[in-house]
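Annotated features in TrEMBL:
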COMPBIAS  1-10  compositional bias 'Low complexity'
COMPBIAS  11-21  compositional bias 'Pro residues'
REGION    1-24  region 'Disordered'
TRANSMEM  48-71  transmembrane segment
TRANSMEM  77-95  transmembrane segment
TRANSMEM  131-155  transmembrane segment
TRANSMEM  161-187  transmembrane segment
TRANSMEM  194-213  transmembrane segment
TRANSMEM  233-258  transmembrane segment
TRANSMEM  270-288  transmembrane segment
TRANSMEM  294-316  transmembrane segment
TRANSMEM  336-364  transmembrane segment
TRANSMEM  370-392  transmembrane segment
TRANSMEM  399-421  transmembrane segment
TRANSMEM  467-488  transmembrane segment
Amino acid sequence: MSSSAATTPVATPPPAGPPPMAGKIDDFSDKLSPMLVKELRQGLRAKTFVVVFLALQGLLTFVLLIAMGAASSADGGSVVSSVIFFFYSLAVLVVQPLRGIGTLQNEIRGNTIDLMVLTRMGTWRIVLGKWVAIVSQSALLLAAIAPYLILRYFFGRMELFAELLLMMLVFLGSAVFTALTVGLSALPSILVRGLLPLFIAVWLGGCTIAIIFDNELKRMIDFCTLNQPGSALALIAGVVAAVYGGWSALALGASAIAPMAENHSSIRRIVSLGAVLVVGMVGYFGNFDRETTGPLLLLFAAPAVAIALTEPMNLLPPIVRPFLRLGGMGRIAGRILYPGWAPGVIYTGLLLLVAIACVLIGRASSDGKLSIFLISALGTLLFPAVVLRIFSAKVKNPLAFYLLIMAITIAIAAGIVIGTIESDEDHWVWFFSWIPPVQVVLGSVVSEQFSRDLTAGKVSGLPDFSTIYRIGIATAAICYAFLLTSAFKNFFRIREVEQDALATPDTTVSESTRTHLQQP
């Protein structure tokens, strides 16, 4: 009996790959944030960036060749500078920042934020990765402009340091605007994350065109030489304000996508309060007048107030436990620094008191309209929050509603300005004096009436703005009193969350806390 031997197939080894290349360099280092690497790879291949990059090079080359042939040797350098700054500013100030409008919202719609947060990648790294990716592409555009500056140098009469500084300031403005678009892209309202950046982009584009074609570029270059008195200090103040504004926008985006148990509000409020204090002290020791200190303080305080008064009351025990460990002082600090609009009302009062004190200790100014503007600004910040509290049960996007009410009040004031121009009588404006922005219009009405009476010899001295002062202060005080009363009515929720934090382990949340968190 014979048996045939079974043949077993012999596995063939896979073909050997090419030998490793010595000194091979990866495109991105492993030390970089994964979000940054992902966004850079996608952004550098995106059609928007490629089109902007190639169009910038082509337009600059074409227009510069024409300008060099048409311009005389005397003004050839200024023409070349104008062309370079015009196309560069449009590319990095308008086009590039608008690419950040949908960055975080795309991740939210794709339900990828939660997956990324579950990893070691925090919300700040997510936001910073998207921001740095766009800013890096803008930096690439800046590097591509360098050869054209060398061409500009051969025309002579070039302020090399000033033009380089101005170019870096344009890049800084692009980075700040990009931070704003990336931060706002986490918000659900299309009015805030879409229309607001688009409006700013149109305004920046109009300013760029006006500066170039109205021959204001030479004046800006002269300022960047830093030879004018106070120009260096003004430049430093502007850079600090820009960095603060960009950080605030990115912090808003990080807090919008963060889990409810993460507290991003406290550090943001502390930084804003510290920034206002620093600006006030610099203004005091630098002997700044109120015309300079007041608007600068308003620039620092306004974003913090708007965010603090519109934050939802999502307070959980993990947030309050670090404050409770400090005892009674921690509870008091929590009433100011806890996330939510109710502690935000207390924080707003403290921040505005500090800002007002910094203005009052500054060098007095004889401009009464400035005082009206600052008082009106206080009411303009508080009035939309009052309307928001009245309709809070029906509002889904508090920040968008807040900005909408503010825009409506400013639009009413603009309409009243047009009405005063078309009408011979202006006494009817006083009926709208309870609207904070209209108080600025009243200041102009009183000034014009005083000028007419002064020309007729009926009065002498300075116009009397005391009535407008009283109306403005009363309006702001009533608005804040209403907000304070509403906040105190919600403090019982804070006490219950604190009791839950003391009574429950770190990983649990009591049923009563869940019930109150679901209430508006």
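Including glycine, each Cβ sits where the backbone N, Cα and C put it.
Packing against the transmembrane segment (194-213) from elsewhere in the chain are residues 82, 85-86, 89-90, 93-94, 97-98, 100-101, 173, 177, 180-181, 184, 220, 403: each is 6 or more residues past its ends and has a CB under 8 Å from a CB in it.
Sequence-distant contacts of the transmembrane segment (294-316) (same chain, six or more residues past either end, CB-CB distance under 8 Å): 237, 241, 244-245, 248-249, 252, 260-261, 265, 268-269, 272-273, 275-276, 279-280, 283, 338-342, 344-345, 347-348, 351-352, 355, 358-359, 362, 370, 373-374, 377, 381-382, 385, 388, 398-399, 401-403, 483, 490, 493-494, 497, 509, 513, 517. 336-364 is the stretch from 233-258, 336-364, 467-488 with the greatest number of Cβ pairs below 8 Å to the transmembrane segment (270-288). Between the transmembrane segment (467-488) and the transmembrane segment (233-258), fewer than three CB pairs separated by 6 or more residues in sequence fall under 8 Å, so the two stretches do not touch. For the transmembrane segment (233-258), same-chain residues at least 6 beyond its ends with a Cβ under 8 Å from one of its own Cβ atoms are 104, 107-108, 113, 117, 123-124, 126-128, 131, 169, 172-173, 175-176, 179-180, 182-187, 224, 226, 264-265, 267-268, 271-272, 275, 279, 282, 286, 296, 299-300, 303-304, 307.
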